[in-house]
Amino acid sequence: MSSSAESIQMEEVRQRAQSLLSSSGLAQDVKAEVLTLASLSLPVSEKYRHLTAEEMLKENTAGRNNLEVSESLSRLVKALSILEKYGCNLTSPTRPRYWRSVKHNNPVFRTTVDAIKGGRRVLFLYGYTNQQIDGLSFPDEVTEPDCDVVAAVTLEVMTLRTEVDMLLKGIHPHPECFKDIIPGLTLQTEQTDDSNPPGDDGQGDKPQAPPPLVKPTPLPRQTQLPKPPAAPPAVGQCNLCGGASTLVCPSCEDNPFCDACDDLYHRHPSRANHKRDKIQKTQTENCSICGISSVSIQCSTCIQRLCLNCDRLFHSHPDRRGHSRTNLAVAAAAASSLSLSTWECAHCTTVNEMRVVLCTTCDRPRLATPAIAGQDGSGPTSQNTEWQCKSCTMVNQGSSILCEVCERPRLATRPPVPPAAESGSKWTCQFCTFVNSKPSAVCEMCSLPCKDASGVSAPQPLQQLLQQPLQQPPSFTKEQPDLGAKPQPRPRANLDLKRQKTMREDGLALIHQIREAEKRGVSPEEVYAALSMCGSSSINPCDWLTSELPHLLDEICAMAASVQLTSRLGNGSTALSVERDGPPPEQNAAPGGVKLSRAEAKLAWLAAGGNKDKAVRQLLRDRQVKMRELHSLGFQDMSQCEEALRQSGGDIKGALSLLQRPLMEPFHQRIWLDQPEPPINPKHPDKQRMCRRLLALYDLPSWGRCELALSLLQEPDVNYSLEDVVQAVKESHDREFIRRLLNTECPVCLSIFPRSKMQSLTSCQCSVCHECFRQHFTIAVRDKHIRDMVCPACSEPDINDPEQLDSYFSTLDIQLRDCLEPEVYELFHKKLTEHALMKDPKFLWCCHCTSGFINDGNQLKVTCPSCRKSFCAQCKKPWEPQHQDVSCEQFQLWKRENDPEYQRQGLAGYLRDNGITCPECKFQYALTKGGCMHFTCSQCRHQFCSGCNNPYYKMECKIPQCKFTGLHAHHPRDCLFYLRDWDADRLQALLQRSGVAFNTDPSNETPTDACGVMEQKDEGGQPADSPCGLQTQPGQAGLCMKHYREYLVSLINDHSLDPAVLYETQELVVACQRYLGDLKKGDGEDDNAFSARLLKKLMEVPLGEKVPRSK
């Protein structure tokens, strides 16, 4: 398949998978699409659009050997699995309750996602862009996650996890795509076997896979020709559930099955006699969660193959405790210890070991006779699973030996069908032994065909059955016996048939009544309870509920009141009474008595299953529980509680609402007044009233938090505002911690503010007040460069790290949106846009002014749109007519030979033309490199070494061997940073050694009294360009010693000369320690041999890649 075709296929599969994942949120729905994406032979950069997969793999595979790389990839697989669950939870319709935040103190997050590099970047892509003290969260203005974006990122996370897992297992179809990304990993490929010479077995030069263990082939039958033994098929996926297969059926087109699916699929009578072959595993499969331990448990519900530890942890969740799991340890042990002496089962033709007594497939004895074709279905595959009795079709537990209904043994065959004693229209089903009273093509009970094992059909031919109308629904009237038939002795099995028929008719009648009741709005519980009251009569339960249930509920209430009255009279109490929902009957009313409602009586009657006596006891128990609960809430008046329960129909929440309504009436009257609410006074004598107002106005979590807020406001010598204290009390209940929150010092203005009025950046842990935050970034936007917009306290983040810079500006934009003025915020966006344009390869800086623009043309001569002056787009020199149709090198050579002004400047002009060029934005400076090597670009604020163009770091860098934590850079050995300390004679010797010419005398027109090279100086706190002005010496070509050395070093760099050839022994030792680590002198090694060995090692280290070299 071509690359374009695979790209089209990737787009189609990606769109389909994103649509499924964004709508369902289930990883199983896109499993096939993920495997398809992972199997495409496309580059990693083209396959992943949102994730920086290549960078993530490089960062997490920084190992020195294959073992470390494999462990790093295993950790990456675990972390990607957790990130995949985060994405699926966000796209799921039933999103978790706490989906908005991710906590850093979560042990699973800390040991998986936080243990790898790039994990938090994935969370940022999901939408967790708000940095908090204890984790990440969605911004407050985001109410719902962007399911399309989350689905796209989650799909790439699943694809990357699948590809890394396939690399670890050695089954990736295109491992060559990762050889440059993961060079330290030895990819596991399939081993080829070239031991067979060409032509053996008709395979030619084709490599053969090492054959797995071959199961002994079954013995040939008398009616079949002997077949040559064949190797069992390889392990694959089940044809039904997608799990690991253990059996293959040749009769089913060689489809593989697992144990559970094979038991269900081959239970059908038409497939019961299929012969299945076991699949031998060729390699050990690892756990799908940890990826380290071998598989011991297979779960057919969640399609997972786990080790023992992961299975115990994964299925300990309440939602997964009921999953159906299979122990593979016993099967693996049996497969690994096959004996040479085997026996073939006469029923299912499975080849078993000699020591096995029962067949491992159908659990039949070794000496059992072969079953007649079509007589019975296949038995259970394991003694630990459920099995179906062949006599009464009862499904029993796997541990039981006898049937729970007919008490026949587990391995007993189906009893012979007795001859039909009824007329010719009745027939007995040979599968479930049910006696069908009407001629039909299938059994009324099990819906299986009516043809028995002996081949004798039902009494009526099939053609007559097909011509008859469809079977009528079963009648609920009992069948009348045939009076004209001759009485015959009934077999003993007819008692069981009669019992089955009665149970079936009663069940169908109950289902019919429940369906009719549902149409009339009656629940099944009411139907069941009504049947217990009128079951023996012919009254419809729904009619009985309408006419008789109210009287029954009144009777239950009266009986409960009588029992309660007797109990109270015995204790010297007043009498009780019961009252209905409507007008109470006179016989049930008594002054000051207990009042019970019909709703409570109905609930008690349903709970008792229609038993009236149990309903009375249940009603009294429920009322006592509700009264105790109301008393515990502070309502002591028994009559009010009973009246409230009666009015609410026994609902405790409704009764509580009725009881609280009089207590809240003064508050309701007060809040509806037009007068303004007085402010909360912490020193008010009524402390409870202040607490109630705090609860109503500020939504504090508890009464204790309100008292804590009042006590903090009453402390002497405090200037806390009520809003600040309430905000701090909401975050914690610790008094000392709240004091720290209320007394936070701003590191800029050194004032004290509460934590809620402090602002912090995502790049550091510093917190400054809102005013300092606003003023700092306002000044930075108006008067400084975009790269100066860092933390005012610690100057973080590092501006030389482009990854940190991009993520920092994306979050800073959200923070500045609300604190800056509109015109300042608009200026910030303008500078941010210019900063992004500078990264365009067609962006050019004008050499005449400080403007930049995008050049879409391909000509050397370009004109600045700001100053309207022209310059060369390649060498950045001012445009001259002599440059037309001439290369930059030829034009520079012409100027040296013909331009008087250039010749007058001499080597100063040479150093100016070979000045400093910013490696980040390509802006050129006509300055020399001497002096301080730490150069800061005025356009992009990039800090670099002017001698080698390597960046300067303010803190710890990413180089593993580096131990510096302050401002530093890594210079190569041919950088001016080191060579400027050499004498001019030594530099000239290096040039003479390679035959490079250099100047020692100035030109005729060059002034010789002072050095005229332009360099950047600090004048009045501002950088300014001015001549050097130092005194020159003879033999230095009219330059000072500093700039003459710079001239010689530029020639050394132009010709890529290695200064290591002139190193002394001590210089070699220092250089080797800097670039190679500590190299110790060997035992008995002299100084010359040691120096030669160090020089050879050092010469293997390449020179600086970014060192400016003139062509």
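Note that Cβ sites are derived from N, Cα and C of the backbone, with glycine treated the same way.
TrEMBL does not curate its annotations; it predicts them automatically.
Taken from TrEMBL, the feature region 'Disordered' applies to 188-230 (among others).
Sequence annotations record features per position, and here TrEMBL assigns compositional bias 'Pro residues' to 208-219.
Residues or ranges marked as domain 'B box-type' by TrEMBL: 282-328. Secondary structure counts, DSSP: the domain 'B box-type' (282-328) has 10 helix, 11 strand, 26 coil.
Positions annotated as domain 'RanBP2-type' by TrEMBL: 339-368 (among others).
Per TrEMBL, domain 'RanBP2-type' is recorded for 383-412 (among others).
Summarising the annotation, TrEMBL assigns domain 'RanBP2-type' to 422-452 (among others).
Positions annotated as region 'Disordered' by TrEMBL: 469-494 (among others).
The feature region 'Disordered' is assigned by TrEMBL to 574-593 (among others).
Predicted-model confidence for the domain 'UBA' (620-662) is 88, expressed as mean pLDDT. Marked as domain 'UBA' by TrEMBL: 620-662.
Residues or ranges marked as domain 'RING-type' in TrEMBL: 742-974 (among others).
According to TrEMBL, the domain 'RING-type' annotation covers 746-795 (among others).
Mapped onto DSSP helix, strand and coil, the domain 'RING-type' (746-795) counts 20 helix, 8 strand, 22 coil. Sorting each residue of the domain 'RanBP2-type' (383-412) by its DSSP state yields 0 helix, 6 strand, 24 coil.
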